[in-house]
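As recorded in TrEMBL, the features of this protein are as follows:
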DOMAIN    69-761  domain 'Myosin motor'
BINDING   Gly163, Glu164, Ser165, Gly166, Ala167, Gly168, Lys169, Thr170  ATP binding site
REGION    603-630  region 'Disordered'
COMPBIAS  616-630  compositional bias 'Basic and acidic residues'
REGION    641-663  region 'Actin-binding'
REGION    1093-1121  region 'Disordered'
COILED    1146-1261  coiled coil
COILED    1319-1423  coiled coil
DOMAIN    1519-1795  domain 'Dilute'
Amino acid sequence: PRLSELLTCCARVWIPDAEEVWKSAELTKDYKNGDTSLQLMLEDGTNIEHKLDPKTKNLPYLRNPDILVGENDLTALSYLHEPAVLHNLKVRFIDSKLIYTYCGIVLVAINPYEPLPIYGSDIINAYSGQNMGDMDPHIFAVAEEAYKQMARDERNQSIIVSGESGAGKTVSAKYAMRYFATVSGSTSEANVEQKVLASNPIMEAIGNAKTTRNDNSSRFGKYIEIGFDTRYRIIGANMRTYLLEKSRVVFQADEERNYHIFYQLCASSHLPEYKMLTLSNANDFLYTRQGRSPVIVGVDDTMELSTTRKAFTLLGINESNQMGLFQVLAAILHLGNVEIKDRDSDSSVIPPNNRHLTAFCELVGVSYQDMSQWLCHRKLKTATETYIKTLPRLQATNARDALSKHIYAKLFNWIVAHVNKALITNITQHSFIGVLDIYGFETFEINSFEQFCINYANEKLQQQFNMHVFKLEQEEYMREQIPWTLIDFYDNQPCINLIEAKMGILDLLDEECKMPKGSDDSWAQKLYNTHLKTCSLFEKPRMSNRAFIIQHFADKVEYQCDGFLEKNKDTVNEEQINVLKASKFHLLVELFHDGEKAISPTGQVAGTGGRTRLSIKPDKSREKSSKENKKTVGCQFRNSLHMLMGTLNATTPHYVRCIKPNDFKLGFTFDPKRAVQQLRACGVLETIRISAAGFPSRWTYQEFFSRYRVLMKQKDVLPDKKLTCRNVMEQLVQDQDKYQFGKTKIFFRAGQVAYLEKLRSEKLRVACVRIQKTIRCWLARKKYLRKRSAAITIQRFTRGYQARCLAKFMRRSQAATVIQKYQRMCVERKHYRQKQAAALVMQTILRAYMARQKYQALLREHKVVIIQKRVRGWLARCWYKRCLVSIVYLQCCFRRMKARRQLKKLKIEARSVEHFKKLNKGMENKIMQLQRKLDEQNKEKRLVNEKLVALENTYTTESERMRGELGRLRGVEEDAKNKGNQVTSLLEELEKLRKELSSTQKEKKTIEDWAQTYRSEMEKMVSELKEQNGSLKKEKDDLNRLIQEQSQQMTEKMVRAIAEETQQLETNLNEERSRYQNLLTEHRRLEEKHDDLKEEMNVSKPGHRRTDSTHSSNGSEYTYNSECAELEEGSRAAEDVTRGIDTSLTLKLQKRLTELEQEKQSLRNELENKEDQFLRARARDDVEFKKARGAELEYESLKRQELESENKKLKHDLVDIRQSLLGNAATGAGAPGSPAYKVVLEQLNSSCEELEVRKEEVLILRSQLVSQKEAMHHKETMTELSVFVEDVSKLKDAGELKQAYMGLKDTNRLLEHQLQTQRRGYDSEVESLRGELQNVKEDNNRQQQLLAQNLQLPPEARIEASLQHEITRLTNENLELLAEDPTASREARVIILRRMVDLMEQLEKQDRTIRKLKKQLKVYSKRIGEMGAGQTEGQTSPGQMVDEPIHPVNIPRREKDFQGMLEYKKEDELKLVKNLILELKPRGVAVNLIPGLPAYILFMCLRHADYVNDDQKVRTLLTSTINSIKKILKKRGDDFETVSFWLANTCRFLHCLKQYSGDEAFMKHNTQRQNEHTLSNFDLAEYRQVISDLAIQIYQQLIKCMENILQPMIVSGMLEHETIQGVSGVKPTGLRKRTASIADEGTYTLDSILRQLSAFHSTMCQHGTDPELIKQVVKQQFYIIGAVTLNNLLLRKDMCSWSKGMQIRYNVSQQEEWLRDKGLMVCGAKETLEPLIQAAQLLQVKKKTDEDADAICSMCLALTTAQIVKVLNLYTPVNEFEERVSVSFIRTIQTRLRDRCESPQLLMDTKMIYPVTFPFSPSSLALETIQIPSSLNLGFLTRV
């Protein structure tokens, strides 16, 4: 499709912008041909109208799909143009923090201005051996590509690093050299790679300075050739320098500095060794203060000088030369401070006794007078005479500065020459890799000669770059057989011709310099006249006649002509040079002498803009040297540049373009303007343009088929994928010019991949919609059918249920109606009858009640009427009387009032008629009121009269009744009077009773009060007691709880402390074990170096094998005699074969081996001490927790052990008796007085006495130990209990409780301290007792030796010898005690005397015992004789005695004691080793024979050597075995089967040495028969350690061999291969595409890894490897798989996607299934994959909200913060439906993980090997049952 067809609505484009260079916008309306503008919407939502250029009508650039943004290779972008490149770099740099990006063959490096953890040794190891496209872009990838091509193609390589000042060129070059030094190593102990790296601080000190753009800017160009030998190891280096900026020595702009070395010397001037330089602060010198910025933030110049001096020393520049260099540098500073004053207008003078000139002359050793003379004068020579001319002050100052620059240039050349001398070796160089660190294109406001030379060099490099890119494109097209069409690209040859051709700028400049009166103005005019009209690239500024403009490939640059001639000539006053040559300072003379002597076309470059190039061929003639001296700076620069270009053209170049992102040195800040300028200048955009002009996108047919399979129909898919891709492409893209079919790839024009991606996205979107539609329809229909079926079922059951309920209801209703009818009838009848009966009863009762009530009412009414009548009459009369009185009084008062009022009225009336009228009116009202009151009172009066009449009637009736009652009462009174007398007596008695009652009541009340008081007091007391009891119970419960908690806490604390201590000891043990095993690895590497040196001394064979820095041989330390023999043989071979090899290296190697052996021995001792401490700590812990052990058990166990030892000794003595009897059988050994009888007697005596004495001493010591331990334990327990009881009894309240708790804590601390003190004392006492026991054992051994000696003496002398020995021993002990402590010596004397007395008593006892034993011996001899006679009947020969005793009896015992051994002759030892080790094939032994058979055979041979007590045979057998195993492993160390076989056999041999060593710790699992086969004569503990070291080395060799086999499989099988097909598609790739993720033939898959693991496992099982050792091997295997996979994931952006996370998790689950099948889930292998599992989970989880961030932080515990952030930065969507991780989310993660304490290392250490242990695994196989197969050719071995 055309571009106009793609500009549809919603299409995204790039439009120019003044600030951001390019801005993204989206079309809001389709573009149609002929439109003059586009309707766009910016990202911020602003709608704009973009006008199209009416002339060019160029449409805006299309933006790439989001899926392509952030690609590793810019050429992978579908739309290749400037805005796409800029945006891709910005996204990678800002969002993903990635500073490296490929652009075809160019590595674009953006300076981050922050230190990044991506240059460590782990990163170097990760990139080593990888293809350039297999990992993320990196400087190490470029270095690895160069190294690999050098080894593969045998062609020299070059790495060209260019860029602006501050872009990071020097750092990039430094890292490239570090990579070469790390991966290649050197061929000798001279450490050439370290010297190459050490040259960096020297060159930075003398050639780098601070500028406004960079704090460490290189002010010269350099080309370093790193030489390699035939095995591609570094042998040396050579450095060439270009265009040193000498003008900086005398002048610096603002905010800039001079070269670092000057400030380093000034900062160190206070040190004693620099006092002679007479320096001070940098601000005191003109040459260091002009920039007004003498300090760089974060840089310590004093420390930098120390680093520089160390580098000087490493490169062979001694102290005297270093101080000489510093003298010259200090002299330059003093020379700059020499003040020159005007004498007149044409002359100048230096004031006498100038301090700085004096210092200068003293430092360089010249005359003050001569120097001051020639600084102000100049000698002119003519044809006839010579005269001296004075100089004006300005010219004299310029001459002084020129001299300073010249001296510094000479010094720079001298240092470079000596650095090269130190880097060159005498080994022939096979190939080299050159690293060119050169300045980039420069343009400033004022550009002079330096910028002209720099830009000229960049023009040449750009031309070479363009041609190389063009050549690669052409080779690619030709390789794929695509029709080659000429691609038009910018050729800058016209610009180069303008500069360097005949009559070019440099030619005219040199010609002008030769003119006597040449000037910058005349040169400018010549330039105008020559090139202004003939060359379009040359222009003249409008406003200047002293400048010119050149159109470079990057930009137009205007150069100012001022100073061009002077800088090109670079003249220095010859007389000043002669004065310096006459110096007494030898180094200064050497500087100028070397400068004249060693000049070549590639050498000296003088002048301000000059450069220094050291000659490789210094032997040039003097004539040529003198001619070269006359060459100008421009000519020399042109020649050296031509030579450089020749060197580069002869090599394969690799390009690194460094970009400076901003001018303010801000970390990860991107300025688009500055970046675009540099991209245009460095040729990156030109590479893009060349790529875009052809077919930039290239896909293999398999990749295309996998990616765009969705665009094909089923009928389009053919068996031939190539034909399928052709057919599909013809259908999808009609224009066949947009693509080409190669042999293996499809080539696309720019934009076609984006178009295909658009078609794919649309197809996927349509497919998604169709899938969604179908699935939703299916789900909805399924849901509807399920609901419909459920509704019908529910309806059916509901309706049936309702029908059944209705029928049931109808039946029940009918039955209920009948029941109700009869029920209601019965109830109603019953209710009626009840109501009828009740009504009759109620009527009867009611009528009777009403009649009674009516009668009583009539009676009461009658009585009430009578009472009312009487009362009302009385009341009426009373009221009448009161009313009459009141009325009369009222009338009086009223009348009086009226009279008064009338009087007053009359008085007022007389005065005022009106007033009278008012009063009259008021009086009328009052009268009316009074009238109404009177009427009311009259009414009341009448009522009162009526009531009074009624009362009178009532009173009359009542009075009559009262009169009748009065008569009756008078009769009663008479009766009362009669009874009155009786009442009086009764009253008196009643009074008495009342008094008694009152007194009784008082007493009762008193008693009740007392009882109440007592009860209340008791109740109160009881309540108080209850409360107190409750509080006490509560306190008791609290105390119990507190005690329990404290006890639990103490227990937990103790357990935790013990666990922590145990864990710490285990950790320390593992660390020591790891260090020890690493030391073994280093020792093995040194041995390999030693062997390699011997091989090189014997024969020199060329090869192309690459040697990794970590590669090491299989050899280990040599043991005993063979080591010395081999070293002697190696030294003799070296002396015979070669005489040119430096013998000091061999001596150094031997010395290093000795030191390593000593260090190894010390580490071994330290490891043993650590193990002892660990075992002691564990024993102490066990003792602390054992409380049920008593002294009786200890005593019984000790007694049992002593009895066992006694039994063993008795058996041994009995064997000696039998041997002596057998040996003397023919001479009557059993008779009393015979030698055998005496031997028996003496042995019995000494054995019994010795056993008794030693047993009592040991039992006493051990019982004391046990009692002391129990007493200590009892004391601790009683102390804790007493403190606890006292504290509990004192607790009363909460305060005391807290105080008691604190006291308890203090007590616990005190007890713990006492316990620790006692424990230490106990340990020391145990140690002392152990020492005493050891002394006792040694004493016992000495006495046994003495006994053996005494047996050879006659019986009379034996007692005297024993006494003499005992006296000697006691005397020695006495002397020792006297020397140590005089007081103790006196006590010792007493003890000695007592022991002497005891010895005398023992002698008497011995005499008695001897007599008893003689009698017993006679009896025993008779019995033995009888038994021997009975058993030997029929077996004796005529020549034998009948009473021969022991021989026939002991035959079966001899067979039992000596089974399981193999006898061989000493001369057969070599044959044994050869057949059993060197020529043995592991596969046959593993399949057909017993696992570990060689180990059993060797041990059985060793047992026989031990049995015959032949120490030489034991030593030689073990030494030969060890050396032979080393030899076979060195020979076949890459064969996993061989290494596994000998690892299993070495471990089995080690276990046999332990199992049969006689140590009780190793004999627990032995059978009785196996215990009888223990070694009897030799303790092989040291050899066990040597064999253990050998096993460790074999294990490490096994891991390395296994790693070499697994390494090629891991990345392909775990990451690249799609185990779950179809989950992810292949993303578009660029020129440097990676390996396809689709499995082709030969590609490793996960099944390949699992099959290999199964093969490893089955091989080790067949060889009989210990199960615990297999677990350790499997754990190491899985660690390697996880580490390599995770490291590649962290370094591959294309692998960090959601689908890849799913693939990884599936692969890990398959590996876990493998572990489960093999029964290895508990070996720790699964845990080693935890970082990889969490990384895969991190790829799959949501990464948006804060909750997601919390989940990630809690989930990824096995990953470091750097790894988590790296994965999030690298996360790349494979499809457009996925989203990228936002920068804010990554910052949130960093914030939340800030407090983690972890290593900042990014990658896992793939070289890490877990410390291996060999747990003791005894064998149940009986040695006597082993049969030797004939296939082993060991017929010379004899079973014993």
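The backbone N, Cα and C atoms fix where each Cβ goes, glycine too.
Structural mapping of features recorded in TrEMBL.
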{"residue": "Gly163", "record": "ATP binding site", "Cβ neighbours (10 Å)": "27"}
{"residue": "Glu164", "record": "ATP binding site", "Cβ neighbours (10 Å)": "25"}
{"residue": "Ser165", "record": "ATP binding site", "Cβ neighbours (10 Å)": "19"}
{"residue": "Gly166", "record": "ATP binding site", "Cβ neighbours (10 Å)": "21"}
{"residue": "Ala167", "record": "ATP binding site", "Cβ neighbours (10 Å)": "25"}
{"residue": "Gly168", "record": "ATP binding site", "Cβ neighbours (10 Å)": "25"}
{"residue": "Lys169", "record": "ATP binding site", "Cβ neighbours (10 Å)": "27"}
{"residue": "Thr170", "record": "ATP binding site", "Cβ neighbours (10 Å)": "23"}
Within the same chain, where does the region 'Actin-binding' (641-663) have neighbours whose Cβ lies under 8 angstroms from its own Cβ atoms, ignoring anything closer than 6 residues to its ends? I mean 6 or more beyond.
89, 93, 103, 105-113, 139, 142, 145-146, 149, 153, 155-169, 172, 176, 213, 223, 240, 242, 434, 436, 440, 456-457, 460-461, 464-465, 468, 601-602, 669-671, 674-675, 678-679, 682-684
Additional residues surrounding ATP, by Cβ distance to the Gly163, Glu164, Ser165, Gly166, Ala167, Gly168, Lys169, Thr170 centre under 8 Å:
Asn111, Asn214, Ser217, Ser218, Gly440, Cys658, Lys660
Counting each residue once, how many in the region 'Actin-binding' (641-663) are helix, strand and coil under DSSP?
9 helix, 8 strand, 6 coil
On the 0 to 100 pLDDT scale, where does the coiled coil (1146-1261) sit on average?
56
